[in-house]
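Listed in TrEMBL for this protein:
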- 9-64: domain 'Cadherin' (DOMAIN)
- 65-176: domain 'Cadherin' (DOMAIN)
- 177-288: domain 'Cadherin' (DOMAIN)
- 303-415: domain 'Cadherin' (DOMAIN)
- 416-521: domain 'Cadherin' (DOMAIN)
- 521-630: domain 'Cadherin' (DOMAIN)
- 631-744: domain 'Cadherin' (DOMAIN)
- 864-964: domain 'Cadherin' (DOMAIN)
Amino acid sequence: MSGRYSYFFVVNKDTGAVTLNTPLDYETLLIFSVTISVWDHTNPEVQREIQIVVLDINDNHPVFQDTPYSTSINETLPVGSQVYTVRAEDPDTGFGGVVNYTILEVIPNTPENQKLFSIQSNGTIFLGGPLSYNNKSMFYQLKLQSCDQDKNNPLCSQTVFLTITVIDLPDLDPQFLQEPYTASIGEDAPMGTSVLTLKTMDGDKGINDLVKFSISNSTRPWFDINEQTGVITVSHSLDRELLLDEDEEVHLEVTATEIHLNIYGQEAKASTWVTIRVTDVNDHSPKFYNCILPDCDFSDDKVVTTFSGYVAEHASTRVPVSNLSIVAYDPDKGLNGTFLLSLAGPDRMAFVVSPEKVVNTGEVQVLVWQSNLVDFEKKQTMEVEVIASDSVSYMGSTATVTIHVEDINDHAPEFNKTQYTLYVYEHCPNGTVVTKDIQATDPDTDFRGHITYHLLSGNSADIFQVDPNTGEVTVKDGNQLDRELQSVYHLTLQATDGGNLTGSTILQIILLDINDNAPVVSGSYNVFVKEVEDNVTVNIQAYDNDEPNTNNSEIRFELLPGPYSNNFTLDPVTGLLKNQGPLDREAIDPLLLGKIVLTVLVYDLGEPSLNTTVNVTINVEDINDNKPVFGRATYEFHVKERLMGAYLGFVEAWDADQTDVNNRVTFSLTGDGASNFQIRSTFLGSGKNRGNMSLVSDVSLDYERPPSNFTLTVLAQNAAESNEIGSATVLVITEDVNDEAPSILASSLKDIRVFEHQGYEDELVAQVEAQDPDTNASLEIRLQEIGCFKSGTNVGLVCQDWFQLVPNGSVYINDSLAIDYEICDLVSLLLQAWDLHTAEGFPANSPNGEGSAQATISDSFSQATDKDDGVNAVLSFSIDGIEFINNDNSRVPLDGLFRIKDSHEGNIYTGIIEVVTSLDSSRQGTYQLRIRAQDNPSKDPPLSANTSLNIFTVDQRYRLRLQFSSEAAEVGKNVDSIRMYDLGSLRAKGLSYMDAYFVFSNGTALTLSDLNIGTLGPAALRILGSNCSLSLQIETLCPTFLPPHLHQLLVTQLLSLLFPSYKRKLRAVKAAKEAKKARAGLNLQGPVIPGTNLFNSEK
């Protein structure tokens, strides 16, 4: 082969076979030519050009073109729009070159995102759902793959990624940060003072447009806002007193507008409300007004600076100047509104002002201080200046009071004391008597001495009242008596006589505290601690507004009973809460998620005690402090052998930790043989975990080949980092399947030695044993074949009736009289073990020929015993003489025909008689042997015993042939009827026949001429041969052939069968007969006939 492309091939120069030398590639070279040269080394070379066409196969993977891929799309791109187009190429032809596309994964990998994009067969990617830059992902990655369409061997490309960036568009309004907005500022703040700064964030995170701030609404035009920075400043003077009806607050609505319009051509804007509280500044001085509380107008135009009143001469001290309606007022708050009153002026020494201190509002009285200075005769008009001074700023106001002195009754009512100190409980019932012992006196008589009482008006005028006749002072409105708001009241009790002269005294009423305020807890309590590691230390803060340093304000703490209160202690005085010992998350109800809520009772020591409660929430965080615990210490699984990858069962472990990360468990197996098993972990939730255990998929167990049972250790370990490992023992028990074939124990196949003509029926001569490693085996021994041998030569089936085998393996002598050493000296029993419970598909029997029992047939024997012990009891046998007794009783001495061998079992010694040479078949009579047993003492002379043994001979002249017109099977079934006929007169067509001897117990036999059924007596019909392969023994009237102490030697010849087709049927006949002879208790249940290994139906 030659040519440009000939290197692709190799040609055999002798055969012309062309083979491929180098791989071909359709995509590289589709068609080419080579030149073939042929020659025979004699004639000229012949050449021919051959065109080679390369057929395509699918051997190329698709390849994406123009990678990498990336694109950007607007977040408002409509659903269904085209996003991108990719292209992959495959140089193969046909379906192997046609590619399609698949989106394997969308990153971020969420269920929603997997449906967000789709790809067409041409590689075009479309949007399948809405996008959002702010609420969804800002970018996506699509994992793409292309595969060709070859039906037999489709090939796919390597995966590529398409990166998609989402472009944000201005479609959202700005958002205010840190709402709500509140601030406080003093009313004296100068203009331009910064109050607070508002901040916004563009809802479109990818654009972040600038905003302009503006105040779109306001309850007071006192503030302005910087449109760029959002800083609110003071733009007008502030006055808190103008906001008293507005909770001292100014509310502003601020709007933030983005500079650029949104995608809809509209302004993107948002609004929020700002609350500014204007705090008080001491910027007002107290003023005087001519009015009576509470009907006063405190407008600036109502301020009065001059007053006039009247007072009688020599009026008593602290008698107020009458006809004065002076009210002092300072609009500032708290201390800023507290001011002091004092007197000045030319007559200030004669009077005093009351009260001396006023908070915000108070009625002002001018009282006579030195009555001797009030004398009409000296001065009819007196003048004082009432000065109100702010206690903080010392700003003040002055009012001039002109006092007209009246010339009237000189004696005014007088009290015993100028001031009385009285006590009454706060919040006492209306009508409670404050005092009834204070009375004024007036020496004047008549109506001028009649005194009436009243309380001068003031802040307390609506709280107390006085009986105008008795002067008894009682509580008018006990609800206003609140010690915590005002603990002492000063009242002026005025007594007026008939001439309108008055006397007054000061009542200092001190409020006694009652326990009317429950403790108040400061703040809230929410604590986070890690279990075991952290401790709880919480100090509960509380106060009581009742009178300090009394039981009413003395606070105690008590931890109320709860599910977990015993785990904590609470100091009753300090309120310090601590845990008693480490906290255990697992001791907490899982439904509480580690949250312990303790209720603390805070109470005072007043009577009655008042209290409040506060909840302390302790969040106990879980740590991985519990190791997994198995439900049982030992698991036991059973599995049938030979099941590959069988499922065994499951183990369960529980982890007390209360979070999934700490209570999720993985399982593993250790121990000898653990590699045969696998365990898969399943998390069930709530700390429960299951491990499903099975054999490895390609592994099965064998009960009979250890190890069949395994002791493994299953380990359970947290998925989280932990050194705590739980363990349990797993016992894997392999259950037996009856899958093994039985076998015969070789040790039970010992050689059997049997003596001929012993006359012992059903004697056990061997016990064959079988074994089967399966646990439920039901074994029996069956006879496969029997072999009869004489001097190593197979003599047919002459011995087949000598022994019987029962299913339990017991071998019995079946017909001891038939056992004849001269016919057969070795019987071979070919045995087979069967298991009746073998599972389907497995061998039920032992291999053919595995078990063979050898029965050696020995000549006659004699037994002897010696009552001596030791060596004195060891016996030996010898034959002292042999005589043949002819039928005429003549005796012929013989020598060398028989020999005797010694053997013993225990103290029983046996002499086995064997024929040394062939006997003379012409002799007719009895062999008589004289046998001696002798001991062999070490010292004393030997002792001996003698006996005689008669061995009868039967000549073949006595063998009779019985002919039947029926087949052999039929003859066997009718043996009993045959015995009833006159056998000597039978004349039958020779369809079947039997060879038989008729022998008496004394050794004599009958000829055909002597045979008559009626004359048989104790004779026995012995059928030795027939046209079947098995000899059939037929019993007659006398079942016992010879007495046990006699031995008969029967020499016969077994005839071969003429009709082997009846072999099976005659076996069944034999089996039925053997069943009748079987011993009680030896029969086994089952489908076989007792005493045989044959089924009771033909095969």
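Just so you know, the numbers here start at 1 and follow the chain as drawn.
Any Cβ shown, glycine's included, is placed from N, Cα and C.
Quantities reported herein were computed from a predicted structural model and do not represent experimental measurements.
In the domain 'Cadherin' (65-176), the DSSP tally of helix, strand and coil residues is 7 helix, 49 strand, 56 coil. Break the domain 'Cadherin' (521-630) down by DSSP state and the numbers are 9 helix, 49 strand, 52 coil. Per-residue pLDDT, averaged along the domain 'Cadherin' (521-630), amounts to 92 for this model. The helix, strand and coil residue counts that DSSP assigns across the domain 'Cadherin' (177-288) are 7 helix, 50 strand, 55 coil.
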